C-alpha cells in the first residue's frame with residue numbers, strides 16, 4: 001500500500017518544508033511524514049490546528065480547500081507562517097483526505113524584509129527629495145543674492161567709472177594750467193605758493209581717481225592683459241625719471257638691478273607691469289623718510305620661450321609688524337599710526353598691485369620689520385623673444401667705422417664696454433677723466449659719447465653740459481649715460497643701467513644713432529637725382545651693379561700689391577658710387593680708407609680689415625639692388 005512518505009516523494013520529492021498528513025472523514029490523523037510538526041497518529045487535526053474546525057464540514061463537499069499564510073507565531077519575535085491544502089485523494093483505496101502543510105516562514109520573512117526595505121527606500125527617497133528641494137531652494141536664494149551683488153557691483157563700477165571720468169578731465173585741466181603758470185609765468189610770493197598748492201592738490205586728486213578706477217576695473221574683471229614686446233631696462237629708466245623730483249625732495253636714493261640672464265625682449269603687458277612697479281615704489285617713497293629704495297629683477301626659471309622673473313622692491317622705511325603685514329593688501333589699510341590720509345594716496349595701491357600680479361599669473365609676498373624696512377617680492381611668468389645673433393636681426397656693420405668716446409673711471413667697466421662697442425664695429429677711444437675727455441671732444445669729432453655719471457672731480461652730466469656749451473659738434477654727437485643708479489640727478493639723455501648686455505646696448509644705440517648714419521643701402525638719393533624716372537633709374541642701377549664690383553676688385557688688387565698710390569685712386573673712384581646707392585656705412589668706410597692711404601706709415605692690416613668688411617657690405621648691397629631692379 002502507498003504510504004504517506006511514498007506519497008510525499010511522489011508529490012514533491014524530499015523537500016523538508018512540506019508535511020503530508022493522511023486523514024479520515026472526521027479529520028483524524030491516520031498517518032504523518034513528520035517533517036515539520038511532531039503530530040501524533042490518531043489525534044484530531046482540529047485539536048492540533050483549531051482554526052481548521054471551520055472547514056471540517058466543507059471538506060466533505062469541496063474537492064480542495066486551500067488556506068494560505070496562516071500565522072501561528074506565538075510572539076512578535078517569531079516568524080511562523082504555513083499554507084494548508086486539504087483534498088480527497090482518489091488514488092488511495094480508502095480515498096482519504098490529504099492535508100499538505102507548507103512552511104512559508106522564510107519566504108514570508110523575505111517578503112517582510114523586502115517590504116521593510118521598500119519602506120526604508122521610500123523614506124530615503126522622500127528624504128533625498130526633500131534635501132534636493134532644499135538645495136534647489138538654497139541655489140535659487142544664492143542666485144538671487146549673486147544677482148543682487150552683481151547688479152550692486154555693476155552699479156558701483158559704473159558709478160565709479162563715470163564719476164572718475166567726469167572728474168578726471170577738469171582735474172587734468174587744472175593740473176596742466178597750473179603747471180604752465182608755474183613754468184612760464186614765473187609767479188612769486190604768495191601767488192606761487194597758492195598755485196603750487198593747487199597743483200599738488202590736483203595731482204593728489206588725480207591719483208585718488210586713478211586708484212579708484214583701477215580697483216573698480218579689477219573687481220569687475222574688465223582688465224585684460226595685452227601682449228607687447230618690451231625691455232625691462234626701459235621700464236626702469238622711465239621709473240627713475242618719474243620719481244626723480246620726489247626723491248630729490250625727500251633726499252632718498254632709488255637703485256635698480258637687472259640680472260644679466262634675463263632675456264632682453266620680454267612679451268607681456270608693459271603698461272600693467274609698470275603700474276605694479278609704480279605703485280610699489282610710490283608706497284616705498286611714502287613710508288621712507290631716509291635711506292634708499294631698491295628694485296631688483298632676477299631670473300627664476302627659463303625654458304623654451306617662457307621665463308619666470310622674480311622682482312624685489314625694498315625700502316628702509318617705517319616697516320610693519322606681523323599683524324600689519326597680514327592686512328597690507330586690504331583696501332584703505334593703515335600702517336601703524338601713519339594713515340594714507342596723512343601721507344597722501346587712497347590706500348588702494350597695494351590692493352591693486354596684488355590683483356594685477358595675480359592676473360599676470362604670479363604671486364606676491366611681503367616681509368617687514370618695524371623701523372627697519374619693508375620688502376615686497378613677487379614672481380611673474382613672461383614669454384620672451386629667443387636670443388639671436390646680432391647679424392640675424394640687425395645689420396651687423398651698421399655702426400662700422402663710427403667713432404665713439406668712452407669715459408669711465410672703472411677699468412673693468414671701461415674694458416667691458418669697449419669690447420662691446422668694438423664688436424659692433426665702433427672705433428673706440430677711452431678716457432678715465434672727465435677733464436681729459438673734454439679736451440678729446442674739443443680736438444676730435446665723435447659720433448657717440450658714453451660717460452659714467454659717477455666720475456671723480458667732474459661728474460659725467462656736468463662734463464656733458466660743458467661739452468654742449470663749447471663744442472660745435474654737440475648736435476651731431478649721440479650721448480649716453482652708463483651708471484648703476486640715477487640717484488638724484490635729472491638728466492637729458494638716455495641711461496644704460498649697469499650691468500648691461502650687448503643686446504641692451506644695441507637696442508639703445510639704435511635709438512640714439514641717427515638712421516642716416518646706419519644706412520647700408522637706400523635708393524632715395526638715386527630716385528631724387530633721376531627725378532623718379534624708372535627707365536633712367538634702371539639704367540643707373542644696371543651701371544652701378546657692374547662698376548661697383550669692378551672697383552672693389554681693383555681695390556683688392558692694389559691692396560695685395562701694396563700699391564698705395566693706385567689704392568688711393570681706386571678708393572676715391574668708388575666713393576661717388578657709395579653715395580648713389582645711399583650707403584652711409586660704405587661711404588664712411590671708403591672715406592676712412594682713403595685717409596689711411598695718405599698716412600705714413602700705412603696701416604695695411606687695418607686697411608685689409610676695412611676692405612673685408614667693404615666686400616661683405618657690397619655683396620649685401622648688390623642683393624638689395626637686384627631686388628630693387630626687379631620691382
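Placed from the backbone N, Cα and C atoms, the Cβ positions cover glycine too.
As given in TrEMBL:
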- 113-150: coiled coil (COILED)
- 162-384: domain 'Histidine kinase' (DOMAIN)
- 403-513: domain 'Response regulatory' (DOMAIN)
- 533-631: domain 'HPt' (DOMAIN)
- 452: 4-aspartylphosphate (MOD_RES)
- 572: phosphohistidine (MOD_RES)
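Helix, strand and coil counts under DSSP for the domain 'Response regulatory' (403-513) come to 45 helix, 24 strand, 42 coil. A gap of 39 Å separates the Cα atoms of the residue listed as 'phosphohistidine' and the residue listed as '4-aspartylphosphate'. Sequence-distant neighbours of the residue listed as '4-aspartylphosphate' (same chain, 6+ apart, CB under 8 A from its CB) are 407, 408, 409, 410, 413, 460, 481, 482, 483.
Other C-beta atoms found within 10 angstroms of the C-beta of residue 572 (phosphohistidine) number 14, with every protein chain shown included. Here the domain 'HPt' (533-631) has, by DSSP, the following mix of helix, strand and coil residues: 84 helix, 0 strand, 15 coil.
The predicted model assigns the domain 'HPt' (533-631) a mean pLDDT of 82.
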